[in-house]
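Noted in TrEMBL for the protein shown:
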| type | residues | note |
| --- | --- | --- |
| BINDING | B:Glu35, B:His69, B:Glu149, B:His182 | Mn(2+) 1 binding site |
| BINDING | B:Asp57, B:Asp61, B:Asn220, B:Ser222, B:Gly224 | Ca(2+) binding site |
| BINDING | B:Glu66 | Mn(2+) 2 binding site |
There are 6 protein chains.
Amino acid sequence: MFFHIKELQYHAKPDCPDPVFARRLQEVLGGQFGEITVAMQYLFQGWNVRGDGKYKDLLMDTATEELAHVEMLATMIARLLENAPMETLEQAMGDPVVAAIIGGSNPQHAIVTGLGAAPSDSNGYPWNGKYIAASGNLLADFRMNLTAESQGRLQVSRLYQMTNDRGVRDMLSWLLARDTMHQNQWIAAIRELEEKEGVIVPSTFPKECEIQAVSHVLYNFSRGDASACGPWAQGTAPDGGTFQYVAHPEPLAPAPQLPPAPPYVFDTPPHVLRDQNPGPHQPPMA
Amino acid sequence: MFFHIKELQYHAKPDCPDPVFARRLQEVLGGQFGEITVAMQYLFQGWNVRGDGKYKDLLMDTATEELAHVEMLATMIARLLENAPMETLEQAMGDPVVAAIIGGSNPQHAIVTGLGAAPSDSNGYPWNGKYIAASGNLLADFRMNLTAESQGRLQVSRLYQMTNDRGVRDMLSWLLARDTMHQNQWIAAIRELEEKEGVIVPSTFPKECEIQAVSHVLYNFSRGDASACGPWAQGTAPDGGTFQYVAHPEPLAPAPQLPPAPPYVFDTPPHVLRDQNPGPHQPPMA
Amino acid sequence: MFFHIKELQYHAKPDCPDPVFARRLQEVLGGQFGEITVAMQYLFQGWNVRGDGKYKDLLMDTATEELAHVEMLATMIARLLENAPMETLEQAMGDPVVAAIIGGSNPQHAIVTGLGAAPSDSNGYPWNGKYIAASGNLLADFRMNLTAESQGRLQVSRLYQMTNDRGVRDMLSWLLARDTMHQNQWIAAIRELEEKEGVIVPSTFPKECEIQAVSHVLYNFSRGDASACGPWAQGTAPDGGTFQYVAHPEPLAPAPQLPPAPPYVFDTPPHVLRDQNPGPHQPPMA
Amino acid sequence: MFFHIKELQYHAKPDCPDPVFARRLQEVLGGQFGEITVAMQYLFQGWNVRGDGKYKDLLMDTATEELAHVEMLATMIARLLENAPMETLEQAMGDPVVAAIIGGSNPQHAIVTGLGAAPSDSNGYPWNGKYIAASGNLLADFRMNLTAESQGRLQVSRLYQMTNDRGVRDMLSWLLARDTMHQNQWIAAIRELEEKEGVIVPSTFPKECEIQAVSHVLYNFSRGDASACGPWAQGTAPDGGTFQYVAHPEPLAPAPQLPPAPPYVFDTPPHVLRDQNPGPHQPPMA
Amino acid sequence: MFFHIKELQYHAKPDCPDPVFARRLQEVLGGQFGEITVAMQYLFQGWNVRGDGKYKDLLMDTATEELAHVEMLATMIARLLENAPMETLEQAMGDPVVAAIIGGSNPQHAIVTGLGAAPSDSNGYPWNGKYIAASGNLLADFRMNLTAESQGRLQVSRLYQMTNDRGVRDMLSWLLARDTMHQNQWIAAIRELEEKEGVIVPSTFPKECEIQAVSHVLYNFSRGDASACGPWAQGTAPDGGTFQYVAHPEPLAPAPQLPPAPPYVFDTPPHVLRDQNPGPHQPPMA
Amino acid sequence: MFFHIKELQYHAKPDCPDPVFARRLQEVLGGQFGEITVAMQYLFQGWNVRGDGKYKDLLMDTATEELAHVEMLATMIARLLENAPMETLEQAMGDPVVAAIIGGSNPQHAIVTGLGAAPSDSNGYPWNGKYIAASGNLLADFRMNLTAESQGRLQVSRLYQMTNDRGVRDMLSWLLARDTMHQNQWIAAIRELEEKEGVIVPSTFPKECEIQAVSHVLYNFSRGDASACGPWAQGTAPDGGTFQYVAHPEPLAPAPQLPPAPPYVFDTPPHVLRDQNPGPHQPPMA
């Protein structure tokens, strides 16, 4: 169960409205790696944990904080949109700033949300449930969490460079710090799980059921061998095996030949496929 | 530029057709963490690398291999669908196997693809470009790669348990081994990058621009303190800082008050929002 | 800012696992009118309100409760999935219950989420941000809220009929009651707003800018005149106007003729469109 | 069955081309609450009505009119795009109007549709079938209809403010009037249904199957009690019950504990979850 | 403008309800090549034609007929769902037909639409506006029309085989015939346009702006040369050129080297990319 | 199996960066008819062919070439984005070119991909698997291929007009030529199949199972008879039948009447539908 308090976790007030930046900021609210993603991801991971204890608690702590970040961003976007109507083309005459607003703002901020935030990204593509992972395997999921916090902090860093507004930068510097913490915490949790379980997910699948001869082989499928020089092509692998490099990979199975389709699916009939004459339009091949 | 050879990287031939398993197998072909995802993810990361060398080569090597896995899965699915029409309800009478096929197979395998594979997941949801990440920051992206290989191998492990067909299991044991390698390789590459750059993405964003006081703080937003017992709540953080635990987080900013909307957006007019009388239907509040 | 407490708002425990019902229950978790929809809808409406006071508070109260409903449903689904693997086709032999599970359960519950809930509907289609409305106009939005609670309660009612499990029914009876309250509350709020503003959204758009002659006209575009017998075809309209019925509507503007496309867009060239000869294959029309 | 006549229901001719406005106007053609939505929504509701009579007829009348509105908007957009190529960046030099066109127009209007309309919204997101509701319960559905007409008229009002073109405004003033009528008609129809059935959807679900003790309770889940002052917190509820206000809601069920996952799903193994030692990297907690 | 008449173009009445077939039939109602697709495609093509005359009229004629087909299918699906509740798992005991219904029917037909049709496909994926093409170039678009009618008739043929219901088959035999006509008509129209314009779309793009040396070359990018034996590898091409076959294609441009990213995007820094030492974990490469 | 070589099939190097054109060029990379579409379409068609030989080989040859085109476009977009940050609104002051960049570029190119390409279209909508067709019926599929190459070449033609950059135009002139070849090749292949099978897809469905009386009838559903003058309304049809024109089509089936819904779905109850009194608010109809 949740409770809401009306105060914000941190400030979310720009010095000035800026509808162009409002559009851009939507990316870290409702984009692939935005705050809705991490909030929902941690919630579903927490609810799906089969067992109790510190991992579940950590997930719920962080999920609940991310809801506060969604709130801060939604608030900031609404403020950036203050008094921001959609200008007409005429109004652009002689004024590049108006021209930039016409092009750089999101028309749905005016037409659809009435100067408010939306659960979508900087191009107006809606947030969706396929952005998240909650697999029941915490090591797999914490890697997704670390990814999301890494991609998210990267995006916030880029946004920080795209504004000079002190209020906006103040809020972003909060989010950057929290993303630093969240990267740190997921790395720490991943390390603990890897020490308990090993590094390969899932750890409990019996090794003899995979073809171990190729579990540590780098195949060179791209002309040139620059990839042979990395720590992934020789020496001890993270799971204790030994990396190998195969410079000229060969196929191990013949070219597939699918049998004809049964007539009741109305695929191209076998005789048409078989009849390999070039057809009446064309001279026979030399 | 690419070349195709007709032979398969490894066998993809079931002992028997099984349209129910064909539907399930679509998950690792066209699902969120299926082979199309890793193929496209590595391709776009490789093409977007600004610089040349071993990382780019490693990406292109692995991407090109994943195309071969897409091919193997598409071939396997087509073979699992051999002679698999859509049964009618009548045909289910007295035969639970037919009943199971009616329910467990994907109707689009018969109606749409004519007993072939589709670029979609086990529920028929199409693959889309939002599944992948290619951010230009290799550490962020390699974490996504490790995630995808972890979630992917987890799904293949589960699928392995859902079939007794030796041919299918043979192919899955190949994919499992390759996913082991790919987890190993991305871990090795991540470690190398972390040693060069440090663990926090992006490494080049100036620390003084984040609010460092909260870069290592775990806030307890969920009643109970089980999360205080983890390696993320005390001691040295992966980036060298010191974790702190805040048992009772407090908001740092006042409740937001948005100014009224301008009249030309036709939001609820301010006087309606201001007029807080309970309304004629109801007695005034005591 | 939010806090989480680990206890549930109400019980979410089935008597028995049932993976088929788990799939169906996803509809009211992650479907168009599921609990994620109302939670996100009320949150965004609350954050976007430009003004403070009871409406905003009501939105935040209800939004926060809906998060607890998402939690209850996610918990219930995880419990319904306990020990629910995906059966093989062989296992269906002779057992219609197994056959029903094979077909009626969601393969992603086993392959993707590892016996946990997902933010998607009963067909595995992911929740997305286009399900919600937060327009800044409370009367428009409260009508969406009333709709969502109506459609949602309807779906819960149907699900209630599809199970005999006492634990599941107990939880559904809680949700049904809360949906009753939420319908009641939005009706009460809508009535208050309508009394303050009038019934037509938006109330502040100047009437003289619409073509008032047709603001109360029912056009009969479908052969037959059954629609003439309703309260919408005569008498006083809700906004005080007088309904009219037009049995034989006529077009008021000529057929549109678009001018030719400029050559640089490479549309069909005008001379091809103009040249209306039937073409050499065909005899001229008699 | 349908017939088409080539004349338009009303004028759809701008004074001047304006590709920026063409992009914006797409919102009410192919957006969430655009004309395709209402046309398809009323069609599916009409076709799904189980029974005949005035409601079905009203739905078909209105659906058929909405097809004419889709036609008017598609025509208007094509005309707004006349001679509108996509300008190059060079052409923007010194001309803010060109700059505004570059940014404010939809590139797909030139590249994809060849100066024609598309079934998508103002950000190029395609219309989809999840925008509509057709549940078989007319009261639930008419509430959705009223919502769609309210959100739709709100959007048209905003668009009206964003142009000075007399031709465009003339068409919008037609749509505004028709939306006024449609709001009126759905309110009238809703009132009639509510009088026949009562206000809670679905009306036929037995009350004793919901937990009636909480059917009229407002829970205060958000700090502060502004929401206590509304007509939803006291007095008689629309369905005849009596509203209650609970200032300090308490959870009614214990924190959920999910049993361990079976080994064949390869979730995090129970011993890893149970073993709550902080791990070797970290000092034991004080 | 449109008019609706209540009678159907043709019969749409099954002998018996069949919820499993109802689910499958959704494919040709709301799937990629279903009737909504052709209706919307022809409408948008018709509205976007820049010029008047027989092509536009043909489009509007056919579009309007397709609306009648949507109506027939929606009606048929509602009738196939008559009295079709969602069975419980218990009810499957001993009855494979019930088991098949549990698995083979679409849960949303019961939970969401209340035994009515939905604008989605046989897996519940919603229809969307990206299924259609309306490019302004009639030859390009008529080819899409011919495709849609071909794929559509193919799907209807498959569905015909999946049912023995005489009423359903009667309706399908109508749709099959109409699809035959529509294939015929688009072929006839395409031939006429090709005779006027030539076969390459767009016909008006100046030939000297393409690299004509490769306009008729088949590159053999797949090992083996079976493709050399077709009418596309030699002889006169449809546009009058001469086909050529290149057995061993070579790249014509060097490997791309992207310059480093500017620091403000926080990509992987150039020194990390440049520093190609294998890293401290690993022995230097031999 | 695939191999990659690092060289490009053809040059992909602009004279100058241009972030606005980078956004537009995404259309033919990741849009509905972009290069990802044709690559994936030909791959899936090739893998799904049930039989071997020249058609399958042709598909794999062309698919593999299209992967090289995806690579060229991704490379070109990355180069067009060189040093292209997202400008701030302030920077637009006095400079329309900056204003145009603010509006005309895709914010995700800076925030999400770090100056790299993305698998999405010119509006940021992601590529998805529903863009392609691979039905198992080659004639149906080759028509889709011809369509895709026609729509694709049309889009490239339009893009060619939107830039003066010689490097960009050079690459586009390559793609234009290859699209010419691909249109030629699919036309040649279609002609061969049509000569073997006939023109109606699927050719093997028994004619007596369709209602042949209407297989060659053009119904005039749109007022006016311009469509009667085309080669589709009279004379010999492409399949050998004779076209007929019906000026005044009549419905052939009665208006549908659906029976009431069973009570357990909670649709509007039959008595409410039956009770056709106008309701207490309104005077009875005269």
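Backbone N, Cα and C define each Cβ position, glycine as well.
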B:Glu35 (Mn(2+) 1 binding site) to B:Asn220 (Ca(2+) binding site) - Cα separation in whole Å: 38
Binding-site residues, contacting chain C; criterion Cβ under 8 Å; candidates B:Asp57, B:Ser222, B:Gly224: B:Ser222, B:Gly224
Of B:Asp57, B:Glu149 (the binding-site residues), the residue whose Cβ has the fewest other Cβ atoms within 10 Å: B:Asp57
Neighbour tally for B:Asn220 (Ca(2+) binding site), based on other Cβ positions within 10 Å of its Cβ: 24
Non-site residues, in chain order, whose CB comes within 8 A of the mean position of the CB atoms of B:Glu35, B:His69, B:Glu149, B:His182 at Mn(2+) 1: B:Val38, B:Thr62, B:Glu65, B:Glu66, B:Ala148, B:Gly152, B:Leu175, B:Arg178, B:Asp179
Residues satisfying Cβ distance under 8 Å from the residue listed as 'Mn(2+) 2 binding site', sequence separation of at least 6: B:Glu35, B:Val38, B:Ala39, B:Tyr42
Minimum Cα separation from B:Ser222 (Ca(2+) binding site), reported as the residue among binding-site residues B:His69, B:Glu149, B:His182 that achieves it: B:Glu149
Nearest of the binding-site residues (B:Asp57, B:Asp61, B:Asn220, B:Gly224) to B:His182 (Mn(2+) 1 binding site) - Cα to Cα: B:Asp61
Cα distance (Å, whole number) from B:Gly224 (Ca(2+) binding site) to B:His69 (Mn(2+) 1 binding site): 46
Cα-to-Cα gap, B:Gly224 (Ca(2+) binding site) vs B:Glu149 (Mn(2+) 1 binding site), nearest whole Å: 34
Pairwise CA distance, B:Asp57 (Ca(2+) binding site) versus B:Glu149 (Mn(2+) 1 binding site), rounded so that it is a whole Å: 18
Same-chain residues at least 6 apart in sequence whose Cβ lies under 8 Å from B:Asp61 (Ca(2+) binding site): none
Distance, B:Asn220 (Ca(2+) binding site) to B:Glu149 (Mn(2+) 1 binding site) (CA atoms, angstrom): 32
